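Structure record follows, encoded as structure tokens.
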């Protein structure tokens, strides 16, 4: 035992007192009680010294400490720390003590309020907690639930989070808890716990927080101890955390294993990890020099060097003075003069001596007098904290002198000494351990007791400074002195007995609602595991331990789960979990690198005989296999080619002589081929020509076995004999050994197809072979399943312009366009029912074009228009997005073979397809070369082996003999050629694994597997070279309107087209003069409507036409006065074709329209006089294409208008089907050369398409080099006046431009002659009704007018009669591909092939049961072949025979019965990915678990999310030039040049013949400069076209090179940025700058986006009011907002001051629930309104945590009277009785048993009800009832 204290003997006992040796023996031997109070160091349990995540080392309480080299070590704890451990690690072998101390040295972050430590029971209820901060709380709840939360001890007026170090000691004793702060401030509180409280140690301890608390302890900590003794708290500053001028006791302060931190000398430095205190000393060690235990004690020798100091000095029994705050000096009073003097190096007194801590049973009311000499030292007596009473009156020192007996000591503390005192101890036993001068203690004669002297002044004794004088003579006994002055006040004693309970205090005010809990993550670390590629961690001790800890933690933390919480802070990486259940098959991964050759798998059971397979490629020679046992002799094979002469083998036993065979032809000497797998037994072949005499043949079956001869001596090898005839067929011998492979022979003829072999395991992927030559185009395969859409491809070259297609059905709503500048946003009106047709009003004055209004509601679809004349080719638009896949075109002619492409990467292995039909019989293969002869086995004992003769040729095949008895199983033979796939056989026994074969050459391409799962999009490939023109695409969607062009001059009136669909009513023109009635012209067929011309002057008012049939009901009411001119509305969609009314009155003569589509030449109409030029009206929307009109009367020529500005590019539409060829168009302007495209890969040459219609002859350009297309040139000079061109080909209707500014009103023209009716222009916007004009004279009957647009919604009219059924609509667009279906069932077998020649054998029967082995009969002579017998019952499988020739293909057998299930096969290929299940609700945060051990390496993770799009790849190599295609149609006209002066009118010339396609002309003059929209310099520099002059020269004419102007870069940059902006408008990214409207919208644009947080802007417009939401794409694209922190719920409590049936907002701690976005910002009302408008349904979860409280159904009564009620956002109350959209996902509270939870889901189409804003609780208020709740996010589904 270490000696850690020094004794100075200044005895107050009288010399000769006899009881001291027994007393000392008792005191020195008594094991102190604190052995049972070993401190439990929580910092060690939590592994602080290994610095887990969030823990770092820092300087502790003392920056310098006496006798230490460096400062104290503490640990800094940050928010990232997540530390927990099972409580049993603190108390592994005992229960948690009833009375205990918590000791800690800590510096909390200033202003923080968090729990330092929390202990939970197995159910997850907190039992003990210490909260640091202002007014710290000691949380304690025993097994009975006492005290309640309102009775937790609260230490007011104390601030533990002031940023300073504090030494905190908490003593829990009986029903009191005492907090001792910094060794001086002591506060005791009542702890209302049960008499025998129990703390469950089956839970966990959590450091630094509470489960679900958001507050986390932050600061520095040096010590955290639990001591199973309540008295330890009073000694904290002496024994555990002394002041800085005191050496550290033999205890590490925070379990730091660094030996240099505290102790720097001795053998055992740094070894103490648990506190070990020397509570008693061994008597044998007394007086000896101390032995160092954990560190040396240099001053220990002083203990034996004080012999002269032992003279008793009674006056020195006064205590040493107290030093402030226990500053490292012990104020110990010894009994007599045994004073405790602390060593300089060690400071390890016994912390809890029973004499020091007497409970005061003898005299509890006496004041404490430390100097009264009433204390008896045990190893050291510490009175600085003692609470001992003084002896009772009359029992002072005299009593001690005479009665210092064993009984006296016992009486001082009966509870303590009895168990330890040994009555057998004798004084003699103490001798060896006492100091040398111990006899002086007993010398002298006791005189009478003197008076007690005055109390002396306290001595100031510093350690090591005490100088002792010589002992003085003993004075006479004095009279009893007067009472001494009151000694210094002792430190506060232990708490006394529990007093009577005080009156209950007033209930405290409810605290503020706690913040929502964070999601605690189990901080497991995942360590390394098995080798890469292993399936998962092997089950290990670590894993089972982790499972046990997890299970324990789950039990410890099982509590009511909350609703979906916010994502918690990521925890540290934890250890791996236990192996999970096997997951769903993952997606097929990409082709991995070639793996290491795996071990051979076990052989499967033999399968049924399969069908014959096609010939496999000749394999490489196999390795030599082990020698097999001898098999039975097989049947003789067909004669083989002559082999090389073999080496002489060991002599075998002589066989019976064979018959001489005829000599056969010599075969070619070939190398040995690989033996094949056994094929099916073939037919008997024709007898071959006689072979040359062979060597002795194998034993035949014909002869009877001869008598066994004696073993002869071994003969010398004889010369090779003549080749004999093949011997008779012998019994099958044992299988011979496989010989070494021979040299490779010439390739044989293809053999007959063998039966298909069993499916082998998939081989390792071979290296990629060189790319093969591209094969010719095969016949089209069957339609495969629709694949997933591929990644967006590079834009293809412009295809041949097709003819105008028929009008498609209404497309899906496009993305919202730019928000228009003009127009007030009108409310969207519903489409009213059509009113009755009103009378035609007079034409009013033309109104000015108003600004475009917002788009109106969609009108009903119009009838399908007739096919119109093809329009003129439009200008090339900007590159649009790739159109959807068109319908497949007609196959063209076969193209030439393309160049060799680069090999593609192997695709993922497809699923196994169904078994195909059985193939026809293949050609007969050549007979394989016989293998080497095996060693002869002897049926009898082997004779001397003879020399091996040369191999003879194989004889002809004999007839099959009778089936022999089954022989012993042979060893595995070499693998044969692969046969065709056989039917699945019965499971064979597992054979030994064969050696791996070499990789064979690449086999033929297999059948196309089913479509694999959609892969992640690869990086975009390099653009391919321009392929052949593709088929015409569908018509593109309508582009955005271009900027308003300048008003054009009037064109000549077009031919009258057919009436178009009814357009919007045009503006009412001003009243015109009445014109003369013109003679009615011959009615021409209606032409297609031309573009709207300028409005003409008002014509005369015609007479009213005959009443038309009843039109759709119009707005009722009288005609109003003229209203103010409204803004021009946008073009509506085409309306339904209304019935054609009777001709109305003739309208005013319209202005000449622009050139209409050219109709076929009709009869000339009467020429009208030229009309006055009218005002230019705004162009109306283009009507649907009308049918090709018959030639109408020709109109008068109008003035050509000025050219308008070019509109914005529209998106490229899907190309429509090819139209009819139009007449040749005019020669277009030479287009500007475009920029050179990137070189694309050579496409496969497509089939030759049909030649396009002949285009008009283009101008012959100067033969230039095929240079890269240049940028648009600058504006050129106006050209000379050209002659009038020929009528051009009708182009597709152009995009409607925005309304141009109204032109100046023209002068009223003279009255013109009555002209022919002009073509109906597109309807203009509805103008205000004009005043009634004077009634005109009847005009000619006009053509039926265009149908007007739907009028403004009027009051509902009477229901009209039902209309006729409309024409069937056109087929819709191709839907998006559906998911890949499961593999279909096996198809039926193909058609049966032509019958083959009848085979001699029937088809193989089913495998029969194994027959009994028959007795072996003597082999008979081979008989003649008999007639074919009926198939016998199947015998047992014989041994493998020599492969026979392949037989004819038999008919397919009927399927056999299902075999027994085989053993588990290897894992199948991954199945198709299942449909995504609906995303579950976000789970409630789990409780914190324990840190487990690191696990094995986990399985390879799933494929990650697609990476960002890669940059464009390098330009590909030039492909092989394809064959020239047919001459394409003319390209589109170039960009328009500046308008030239008006040319003279030319006459129409005849159509010329189609010219050859000319070479590209020189670049046209530059076009007008466009507006520069903030060019992006990066893009500008990126889009700079650098043209290498050498390229141009290489290509030919260099003079075509045009130097770009500097401004072109800006134009290209602007175009590029515009393109990006438009792309982002169409496909928002969900960022703050580019938000989507809803998550559903985002999912539609980006189906691959993962769940997460994205920005949305439901009201669109400026994105500054966008907000971040959680997008749950897994659940279909729902948009989720979250309750704010204070609305997330409330902790479970009893709510004593609240009334049932009240709303939560009425609670004292309640409020209305409010919601925020994912960044915590409130969501605006307008945005929520729009979000609801964009949503079809919404859902939200509420979790109710209960303790004996009902949330929904009351299971006892079956009623819902106490169900929660919710207040929706629309102030609607919702509960079980009035809302069917609420359902309970979990209703654990219905039973009212213990802690449970109920999860309610509100999933409603009434989106205005969600989110909920208040909750009414109805079942609480009783003493045992508690509840809490959590509110989940509100998610809206579009």
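Even glycines carry a Cβ here, placed using N, Cα and C.
Taken straight from Swiss-Prot:
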- 1657, 1659, 1660, 1662, 1665: Ca(2+) binding site (BINDING)
- 309-323: compositional bias 'Low complexity' (COMPBIAS)
- 417-428: compositional bias 'Low complexity' (COMPBIAS)
- 470-485: compositional bias 'Pro residues' (COMPBIAS)
- 587-597: compositional bias 'Low complexity' (COMPBIAS)
- 671-686: compositional bias 'Low complexity' (COMPBIAS)
- 687-696: compositional bias 'Pro residues' (COMPBIAS)
- 722-741: compositional bias 'Low complexity' (COMPBIAS)
- 747-756: compositional bias 'Low complexity' (COMPBIAS)
- 971-990: compositional bias 'Low complexity' (COMPBIAS)
- 999-1011: compositional bias 'Low complexity' (COMPBIAS)
- 1106-1115: compositional bias 'Pro residues' (COMPBIAS)
- 1116-1140: compositional bias 'Low complexity' (COMPBIAS)
- 1259-1268: compositional bias 'Low complexity' (COMPBIAS)
- 1380-1398: compositional bias 'Pro residues' (COMPBIAS)
- 1454-1469: compositional bias 'Pro residues' (COMPBIAS)
- 1485-1494: compositional bias 'Low complexity' (COMPBIAS)
- 1526-1541: compositional bias 'Pro residues' (COMPBIAS)
- 1542-1554: compositional bias 'Low complexity' (COMPBIAS)
- 1560-1569: compositional bias 'Pro residues' (COMPBIAS)
- 72-244: domain 'Laminin G-like' (DOMAIN)
- 1609-1837: domain 'Fibrillar collagen NC1' (DOMAIN)
- 234: sulfotyrosine (MOD_RES)
- 420: sulfotyrosine (MOD_RES)
- 654: hydroxyproline (MOD_RES)
- 696: hydroxyproline (MOD_RES)
- 717: hydroxyproline (MOD_RES)
- 762: hydroxyproline (MOD_RES)
- 765: hydroxyproline (MOD_RES)
- 789: hydroxyproline (MOD_RES)
- 864: 5-hydroxylysine (MOD_RES)
- 873: hydroxyproline (MOD_RES)
- 891: hydroxyproline (MOD_RES)
- 906: hydroxyproline (MOD_RES)
- 231-443: region 'Nonhelical region' (REGION)
- 242-269: region 'Disordered' (REGION)
- 281-457: region 'Disordered' (REGION)
- 470-520: region 'Disordered' (REGION)
- 526-545: region 'Disordered' (REGION)
- 559-1574: region 'Disordered' (REGION)
- 1571-1605: region 'Nonhelical region' (REGION)
Please list, in sequence order, every residue of the chain apart from 1657, 1659, 1660, 1662, 1665 whose Cβ lies within 8 Å of the Cβ centroid of the Ca(2+) site.
1635, 1658, 1661, 1663, 1664, 1666, 1727
In sequence order, which same-chain residues at least six apart have a C-beta under 8 angstroms from residue 1657 (Ca(2+) binding site)?
1635, 1636, 1637, 1663, 1665, 1666, 1667, 1727
Rounded Cα-Cα span from residue 234 (sulfotyrosine) to residue 1659 (Ca(2+) binding site), Å:
68
Measuring Cα to Cα, how many angstrom lie between residue 1660 (Ca(2+) binding site) and residue 234 (sulfotyrosine)?
69
Does DSSP give residue 234 (sulfotyrosine) helix, strand or coil?
helix
Averaging the pLDDT values of the domain 'Fibrillar collagen NC1' (1609-1837) gives 93
Take the C-alpha atoms of residue 234 (sulfotyrosine) and residue 1662 (Ca(2+) binding site) and report the distance between them in angstrom, rounded.
68
Across all protein chains shown, the one of the binding-site residues 1659, 1665 with the most other Cβ atoms within 10 Å of its Cβ is 1659
Cβ density check for residue 1662 (Ca(2+) binding site), other Cβ within 10 Å (all protein chains) comes to 9
Helix, strand or coil at residue 1657 (Ca(2+) binding site), per DSSP?
coil
So of 234, 1660, which of the recorded positions has the fewest other Cβ atoms within 10 Å around its own Cβ?
1660
Where residue 1665 (Ca(2+) binding site) falls in three-state DSSP terms:
helix
